[in-house]
Amino acid sequence: MEIRCKVLVCHIILLHSATVYLYSVPASQQNPESVVVSVTNISTHVGDQGFLTCESYRMVWTQDNLMDRQRVVHWDLYNSQGVYRGERLLDMFSAGEQRIYKDYNQRRISVSESAFQDGNFSLVIKDVSMIDQGLYSCNLHHHYCHLDETVRVQLNITKSERKVKIYWDGEKIVIVALVHSTVLLPCENHDHMWTDRHREEDQQVVHWDRQAPGIPHDRADRLIDMYASGERRAYGSLFLRRKMNVSNSAFSQGDFTLFIPYLTRGDEGTYSCHLHHHYCGLHERRIFYLSVSDRPKTEEPSKTNSDSAPAIDSNVVQENKVINVTIQESRLHFFQQLGYILATLLLFILLLTAVILITRKHQKRGYAYNLNKPQGKEVNMQEICLRPPDLIQYKKEELRIDYKNNILKERAEMDRVFAPKNIDLDLELRKEYCK
């Protein structure tokens, strides 16, 4: 029984050493060449300000004041016996002891104390039982480098020695172990950021390069070098060093934007921002194509000379240019115009009222007499119409007498004396009206 358990452990170690890189996620770029993560085209004008943005949160440098507690490994059990559960088994920091969460697992599960020196984070489980089967997860966290890696191992328990085996299912290692035996769940990572503690501040560097138009990348000019330790190097002339600048707090914020306060035509070219974190395995490059053009000229109206008038070409048809000028009216002018309108409207109403009154009065009096003649006293029309003496007297005056000759007729007319009579024309008109 013990011999078979030892043989099983040897098989697990051999299988893990042969297949560890099949399921381990690489923590860093083994290729020292920078990876181009972005390409940006920038077009601007002469005199503008230029901002070439280059940011990365992984380049933020924080001093390790907790004695390298920025690396941690922990093992979790995700499911057991077909029932989902998330259970933390143990964890261990690079500068501390390992912590086991359940008393049941004390002295039964463990991780090598030299895991952060040799890179072996495998979990050893003694006297396995049916409650131990499930999906195990080995989690590595590097808070300084912002790295997270996970390795999963499936553990199944059997009571038959013939079913004991180890195989790869395409996603993870599957181990079928015999009950009450000792099992090793493999998890290894030998990258230097998990095994060694270098001087991180000496391995973080950022530099800016510039290529003039037509210059290849390998002949680019270096502008600025910056280190996390605070050292800074600027290249080129004093004017160029003062003109192009990066913030002094770049490593504390992860912002390495290049600022150019006043752009000229000579600033055109290709700019490259290189970010290198050798400890964390970060190598990135961002490319900027900067083009600077002159500002468009605004045409000013030409001044005409009144003394010398240009010759008029008869073949050219002159266009009449009309300029509309709008003057904003004041509030006082508005009230003045409103007063004019109201006064005119009031005068019109008065005239209309006078005409209506005169027309009605004229209709009552009639249209047969003159309005300008003074009015007489009112006379009853029935009395006038029923006065027979006047009518008789009027008829008597119309009588004709036959005379023998004309001489006697003339004498008779001359001898006739008519009594004076007052005639009221207004009364006569009313008589005629009564007839």
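Just so you know, the numbers here start at 1 and follow the chain as drawn.
Cβ atoms are placed via backbone N, Cα and C, with glycine included.
As recorded in Swiss-Prot, the features of this protein are as follows:
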type     : residues      : note
SIGNAL   : 1-22          : signal peptide
TOPO_DOM : 23-337        : topological domain 'Extracellular'
DOMAIN   : 32-158        : domain 'Ig-like V-type 1'
CARBOHYD : ASN41         : N-linked glycosylation site
DISULFID : CYS54-CYS138  : disulfide bond
CARBOHYD : ASN120        : N-linked glycosylation site
CARBOHYD : ASN156        : N-linked glycosylation site
DOMAIN   : 156-293       : domain 'Ig-like V-type 2'
DISULFID : CYS187-CYS273 : disulfide bond
CARBOHYD : ASN245        : N-linked glycosylation site
CARBOHYD : ASN324        : N-linked glycosylation site
TRANSMEM : 338-358       : transmembrane segment
TOPO_DOM : 359-435       : topological domain 'Cytoplasmic'
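Cβ atoms under 8 Å from those of the transmembrane segment (338-358) belong to no residue of the same chain, restricted to positions at least 6 beyond its ends.
Across the disulfide-bonded residues listed here (CYS138, CYS273), the residue whose Cβ sits among the most other Cβ atoms within 10 Å is CYS273. For ASN120 (N-linked glycosylation site), the nearest neighbour among the recorded positions ASN41, CYS54, CYS138, ASN156, judged by Cα separation, is CYS138. Taking a C-beta cut-off of under 8 Å and a sequence gap of six or more, CYS187 (disulfide bond) has these contacts in its own chain: VAL73, ASN120, PHE121, SER122, LEU123, CYS138, VAL151, VAL153. When DSSP labels each residue, the domain 'Ig-like V-type 2' (156-293) comes out as 26 helix, 62 strand, 50 coil, counted as helix, strand and coil in that order. DSSP assigns CYS54 (disulfide bond) to coil in the three-state reduction, outside any helix or strand. Confidence in the topological domain 'Extracellular' (23-337), given as mean pLDDT, stands at 82.
Spacing of CYS54 (disulfide bond) relative to ASN41 (N-linked glycosylation site) is 14 Å (Cα to Cα, whole number).
Taking all protein chains in view, 18 other C-beta atoms sit within 10 angstroms of the C-beta of ASN120 (N-linked glycosylation site). Note on proximity: of the recorded positions ASN41, ASN245, CYS273, the one nearest ASN156 (N-linked glycosylation site) is CYS273, by Cα distance. Across the structure, ASN41 (N-linked glycosylation site) and ASN245 (N-linked glycosylation site) are spaced 20 Å apart at their Cα atoms.
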